[in-house]
């Protein structure tokens with residue numbers, strides 16, 4: 001209750017005392033203050049569920065029953081296929097189907113020294129936390145410089161990643177958030193652009209690496225919208241390479257990218273075990 | 001099983017609300033506290049939150065209505081207009097009319113009644129020469145397919161009105177339709193102006209229902225009719241269970257998948273539970289001064305049409 005009052009006070013919202021007290025329930029409220037959350041955090045503070053066991057575990061969390069998760073998974077899968085511009089549906093699909101893969105991923109991170117540090121420090125890749133000027137000034141071929149080049153070439157921004165809503169564990173919510181934010185770095189490491197073909201290749205790599213059902217589905221159904229020529233390139237060169245790299249490489253979430261901006265991309269690829277990309281135009 | 005637990009504890013939560021919330025449910029200002037779905041907020045906060053909800057859902061409002069009710073909302077609205085049975089020349093005020101569903105149905109209904117009127121007139125004129133018929137066109141307002149009927153769509157939310165206007169243009173409704181931005185608690189119209197006042201699925205979102213009812217009384221002409229179509233209380237236990245299950249489990253999911261907005265639809269289903277049941281609303285309408293107040297349950301009470309007359 002006190003934590004609620006403190007959070008509400010910090011958010012500047014007048015908290016009206018409610019009838020029933022907060023049940024401790026199964027909730028594990030976040031210990032670290034989530035950084036970089038946008039203005040929606042204030043609204044979410046107010047809409048905390050107060051009754052037994054269904055607590056809001058992090059800003060933006062929406063507690064859901066198993067039936068709701070199943071319906072969401074089905075609905076978001078259909079919607080993502082029908083309208084590929086609904087990135088939020090892809091995100092929801094990932095969250096609702098990731099209940100087995102996410103703990104695995106979290107454990108992989110915990111058992112690795114760098115991954116463990118990431119879980120403790122919870123870094124966020126956002127325009128506000130990145131020093132774009134410094135990254136641009138880094139030498140050619142370094143991770144920071146290539147990353148910025150990727151963002152500019154493809155006109156994307158790290159801030160467009162959706163925050164997790166339906167993950168019922170605060171740490172796993174961070175893991176999936178980290179996965180989403182590292183996605184652009186995957187593109188950089190694999191040298192793939194953000195067109196459909198490039199995205200499918202990255203999805204294949206991520207499917208092997210993370211085991212998230214959403215990645216598997218994306219990898220399987222993504223090629224449906226490609227031309228036959230691209231499909232051929234995909235099947236003969238890119239996918240085998242992505243699979244081999246995925247299997248060979250250590251877990252990509254165990255890399256503290258924010259501390260490796262100066263490292264050359266080639267060296268990072270070699271360290272992880274990502275094989276050199278095939279010489280095809282994507 | 002988890003779903004049953006969920007609705008059971010939602011119901012318990014509802015019943016365990018203190019008396020203050022009960023007064024708040026009646027729409028009377030019990031101090032600053034009011035309900036917004038299952039949360040407790042101040043009056044001002046509630047108005048703002050509801051405005052934001054409808055601002056967010058405006059573009060997908062009709063799609064969501066169709067998917068949530070599986071198209072049945074169209075039947076409900078048709079029944080409302082049939083119950084109204086307007087004749088050409090009626091002046092209708094549709095409050096919280098947003099995307100114009102009731103207004104368009106009213107226009108269609110009046111048009112078809114007018115068609116029939118004109119056909120009957122033509123039959124009487126069959127003994128006239130064609131020149132006399134042509135002359136009668138100049139005198140009568142034959143071109144007036146609506147027979148001077150008019151509908152004013154009033155809504156507090158700009159986005160909803162915008163969507164409504166676009167829809168009207170798209171569907172080809174132009175004459176007899178006016179769009180006004182206004183608050184149901186304080187209508188921008190003079191006394192004794194309208195023949196019929198309707199509010200379909202809107203009164204639930206009004207913060208002070210008693211004020212809205214008083215305003216309805218004020219702007220109606222003597223002899224005018226008040227009609228309210230709103231979600232209501234289901235008394236049948238089996239239907240109630242299924243309805244709760246569907247409401248709380250499926251509707252927010254539909255909101256997230258179709259409109260990308262879980263919270264607005266969570267608010268929707270919660271606000272339905274918070275709304276006064278049929279008899280209580282009937283009492284409130286009578287308090288506002290209406291006579292011959294009655295209600296008709298549709299679909300076991302999932303929806304109810306309340307009707308009253310200003311005499």
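Think of each number as a place in line: the chain as shown, counted from 1.
Just so it is clear, glycine is given a Cβ too, placed from its N, Cα and C backbone atoms.
Note that the structure is predicted; figures quoted are calculated from it, not measured.
Annotated in TrEMBL:
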- A:16-59: region 'Disordered' (REGION)
- A:30-42: compositional bias 'Basic and acidic residues' (COMPBIAS)
- A:183, A:184, A:187, A:199: Zn(2+) binding site (BINDING)
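Features per TrEMBL, on structure.
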residue: A:183; record: Zn(2+) binding site; Cβ within 10 Å: 19
residue: A:184; record: Zn(2+) binding site; Cβ within 10 Å: 21
residue: A:187; record: Zn(2+) binding site; Cβ within 10 Å: 23
residue: A:199; record: Zn(2+) binding site; Cβ within 10 Å: 18
Beyond the listed site residues A:183, A:184, A:187, A:199, identify every same-chain residue whose Cβ lies within 8 Å of the center of their Cβ atoms for the Zn(2+) site.
A:156, A:185, A:186, A:192, A:194, A:198, A:202
